[in-house]
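Colleague: I'd like to ask you about the structure that follows.
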Amino acid sequence: MEEKNTSSNFIKNIVIEDLESGKHKEIITRFPPEPNGYLHIGHAKSIVLNFELADEFKGKTNLRFDDTNPVKEDTEYVESIEEDVRWLGFEWENLHFASSYFEEMYNRAVHLIKKGKAYVCDLSGDEIKEYRGTLTKPGKESPYRNRTVEENIDLFERMRKGEFKDGEKVLRAKIDMASPNINMRDPIIYRIAHASHHKTGDKWCIYPMYDFAHPIEDAIEGITHSICTLEFEDHRPLYDWVVNECEMESKPRQIEFARLNITNTVMSKRKLKALVDAKVVDGWDDPRMPTIAGLRRKGYTPEAIRNFCREIGVAKSNSTVDSQMLEHFIREDLQMKAPRTMSILKPLKVVITNYPENQVEMFTVENNPDDPGMGTREVPFSREIYIEQDDFMEVPPKKYFRLFPGNEVRLKSAYFIKCNDFVKDEAGNVVEVHCTYDPETKSGSGFTGRKVKGTIHWVDANSAVSAEFRLFEPLILDEEDEDGKTFLEQVNPNSMEVLQGFVEPQMKNAKPQEKFQFFRHGYFNVDPKYTTPEKPVFNRIVSLKSSFKIG
Ligand code: ATP
Ligand code: MG
């Protein structure tokens, strides 16, 4: 792969410093998803960052499932995440589950209790919140804060044994209720949840909180640089407190970067799951979803996603990226890779009245004019063809150079045809156009007799293959949180248009996930879910042109 990320960023600078100073001999990063949904393009940013950072300095990256919350996690998500990371082109050094560290985490918590640094608290969730104070008001100490070590050990053991109900007790770190950083005001580190876990089953009924579990996971694995998103910046003192007070041998360093947001979509597993559950979309891999599975089904390539992630870079302040930037990278990638072909999305029949009945001609057409290596194909032509409804007008406006009565156009790779007549149905719709062709104008014959202003595409009606086309618009309308609207109310009701049309006969052999450039219509992917041997279904990945400029 020549696509390497050579650009510098503040995280890379930290890594370089740490290697030069001898603080670390080897860089170890991790990608730590919670298996409570499918990965999205925001995760891709984190994946590319973590894997490429380690790779650049000959280090390692672990894939670690942060599965400390039994209620929302599922093996389906674990499998999809592994598939997506691999598909993006990355191979992890080790595969870990946070849940396999539960015993060690428990022991570290007991150690904290013995040091007088943690206590069992009986306050309710609401009371804990109330006692915590605010940014301007210091917190109040829990009446259970000064339990003896013996009592805390006994209660914590009994919490583990299942003697208490959910919410009846928690284990809290004993730090500082007056700290200006609210995260340091005796945060909860263990809670009771009588729920089956996808990996540990019913072995545990107490589960560690993220802020306690994550630094321990990182330290156990010897992670040198623990990269996370900006909202954890205020949690860093707690991260360091846990590493130090739990006396972890290895001391990982947390570094925060800005999360990726993209216009006209949502980017949180909770919201994406809501779209799936409400059946607004056709599953996590619906082509309109910003999930990796959705982008793949729409027709995105790993190369395009990786290049996008590199281009947006790594910064310290949050911003929103225009979705057109993602489109730029798939166009760029498919330009050379996707064979050209003609397709008719909204068919209108054309009869070429002076063309002999029963005659079929084959035109040899290049698959990609930008790359002769991609070969040619045979495109049949006969008396009846389909063109786009938009390519004919009974009464043309100014500057309309396509078909209208009396006008002549070029049929891409075939002949000039001239419109003489048309047929309407009872409702007044044009259902058939009658033309004559000029045999002199055959494509490739070197004809220079006259010029026409319009070139339109077509498929031979006799041999065409019926196909379905799915065109997409943004899933979320741009009116952000207007009048307190929830994002489900901002869903675009017209985010998908389904059309029935035709493709060239050789498209019978198109395989799921194959990508094509349809002349004038854009890049399309063969949908792996709805395509049948009789009828291909094509998802539009992106149209051909955009006004968007990079940089
Ligand atoms: P979500 O809110 O979508 O569930 P999350 O941060 O809770 O996201 P995790 O599964 O915990 O999801 O995330 C795994 C890793 O991916 C974390 O290191 C997280 O920081 C990173 N990540 C998640 N969303 C984004 C994003 N939009 N941009 C960059 N990194 C992200
Ligand atoms: Mg999360």
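The backbone N, Cα and C atoms fix where each Cβ goes, glycine too.
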Colleague: Quick one: which of 26-30, 266-270, 386-390 does TrEMBL have down as motif ''KMSKS' region'?
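Modeller: Within the set 26-30, 266-270, 386-390, TrEMBL attaches motif ''KMSKS' region' to 266-270.
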Colleague: Select from 33-43, 352-362, 396-406, 418-428 the stretch of residues annotated by TrEMBL as motif ''HIGH' region'.
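Modeller: Result: 33-43 is the stretch TrEMBL calls motif ''HIGH' region'.
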Colleague: Running a distance check here. Ligand 1 versus the binding-site residues Asn36, Ile41, Lys45: which have CB less than 6 Å from one of its atoms?
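Modeller: What lies within reach of ligand 1, judged by Cβ under 6 Å, is Lys45.
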Colleague: Grab the same-chain neighbours of the motif ''HIGH' region' (33-43) for me: Cβ-Cβ under 8 Å, and only residues 6 or more beyond its ends, written as numbers and ranges.
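Modeller: Long-range Cβ neighbours of the motif ''HIGH' region' (33-43): 65-69, 72-75, 77-78, 80-81, 84-85, 198, 259-262, 267, 269-270, 272-273, 284-285, 289-293, 295, 305, 308, 326.
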Colleague: Which of the three DSSP states, helix, strand or coil, fits Asn36 (ATP binding site)?
Modeller: coil
Colleague: Reported as an integer number of Å, what is the Cα distance between Asn36 (ATP binding site) and Tyr210 (L-glutamine binding site)?
Modeller: 14
Colleague: Please list the binding-site residues from Lys45, Tyr210, Ser268 whose Cβ falls under 6 Å of any atom in ligand 2.
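Modeller: Near the molecule: none at all.
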Colleague: Give me the non-local Cβ neighbours of His43 (ATP binding site): same chain, 6+ apart in sequence, Cβ-Cβ under 8 Å, ordered along the sequence.
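Modeller: Within the chain, His43 (ATP binding site) has Cβ neighbours under 8 Å at Phe31, Pro33, Ile292.
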